[in-house]
Structures are given as structure tokens and as C-alpha cells.
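Quick one: the structure is below, and I'll ask about it shortly.
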Ligand code: PNS
């Protein structure tokens, strides 16, 4: 059996948006398997809307239809996680020029830390270029309708979280 091409799609996913989902599903055009990896930031956990466990559950629900997507989490450096799981290809979404500087800096730094690592940048569908998890959080917390920006499992959890 030929070797499977695997990539990691890391992020905070607080919460997962349709833009993230679009990037993950598009990347399956060039990889056989994708690990969507929620990054732990113990020092920032209190600032998050959803716990890592809740984000993992949301991701699992949203990608339940796609056996080629595996949901996982990691703490510490991305390059160390990549090394541990022996995957050296990382996918990131690039929405607009404003994302570029941060992503470029992170890509070059990651390559400095691990010369074996390659990063691939994908643009989401144009309907998602203005979308961000932080805007979804803000709109939802102010009572706005985010149903066109997130999947049903995320919407349900947002409503439950913000009602409680
Ligand atoms: O969705 P985000 O918050 O933009 O994702 C950022 C993420 C998680 C990909 C990035 O912060 C990361 O890789 N964090 C792990 C810690 C690390 O490796 N930091 C050095 C980056 S050069």
C-alpha cells in the first residue's frame, strides 16, 4: 500500500468556523489524512470561550462525516508535536493580506526550529474571507445571529454556553 500523505492543521478553533471547516476539507484534495489539532495554551485557558475538551468534541461532531479527518490536541511547540507524530506538513488558512505577516513569521520561525517542516497555506472560499473565530465569539456574545458562520453543532454549543 502506498504511503499515506498526512498533514496537521493546527489552531485554536475557539470555536471552529465554517472557514476552518472549508480549509480542512479542501486540504483533503492533496493529503490522504488530516490531523486537526487544537493547541493548548494553559496560561490563556481562562480567556477562552470553550475548553479544549469542548473544542475537541465540537470538532469531532463537525467532522464526523469525514473519516480522513482525525481530531486531536497538543500542548507545547507545534514542531515538537509534528516530530512526535512524525508528520512534517502543516496546513494553515490565509484569508487576507492582514493574515500574511503573522503567518509568514510563524512559518519561517517553525522552519528555523525544524528545517524538515513544510507549511502550506490555503485560501478559503471567498464567502469565508471576512470570517474569524473572534468575530463569531463577539457577535454571538452580543446576541447576534452567527448561524451562517458555524456548523449546527457549534451553533448549539454557542447558544448553550451563552445562555448559561
Ligand atoms: O488559530 P490560531 O490561534 O491562529 O493558531 C495559532 C497556532 C496554534 C497555530 C500557533 O500559535 C502555534 O503553533 N502554537 C503552538 C506553540 C508554538 O509552536 N509556538 C511557536 C510558533 S512559531
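Glycine is treated like the rest: Cβ placed from N, Cα and C.
Keep in mind it's a predicted model, so treat the numbers as computed, not measured.
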Which residue of 3, 103 does TrEMBL report at the same ATP site as 12, 13, 20, 93, 94, 95, 128, 129, 130, 131, 132, 133, 134?
103
Neighbourhood of the substrate site (12, 78, 92): other residues with Cβ within 8 Å of the Cβ centroid, in order?
9, 10, 11, 37, 39, 90, 106
Compare the Cα of residue 78 (substrate binding site) against each of the binding-site residues 20, 94, 103, 131, 133 and report the nearest.
103
Between any two of 12, 13, 20, 93, 94, 95, 103, 128, 129, 130, 131, 132, 133, 134, the residues recorded as binding ATP, what is the biggest Cα to Cα distance in Å?
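It comes out at 18 Å between the most distant Cα atoms.
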DSSP says what for the domain 'Cytidyltransferase-like' (8-138): how many helix, strand, coil residues?
61 helix, 29 strand, 41 coil
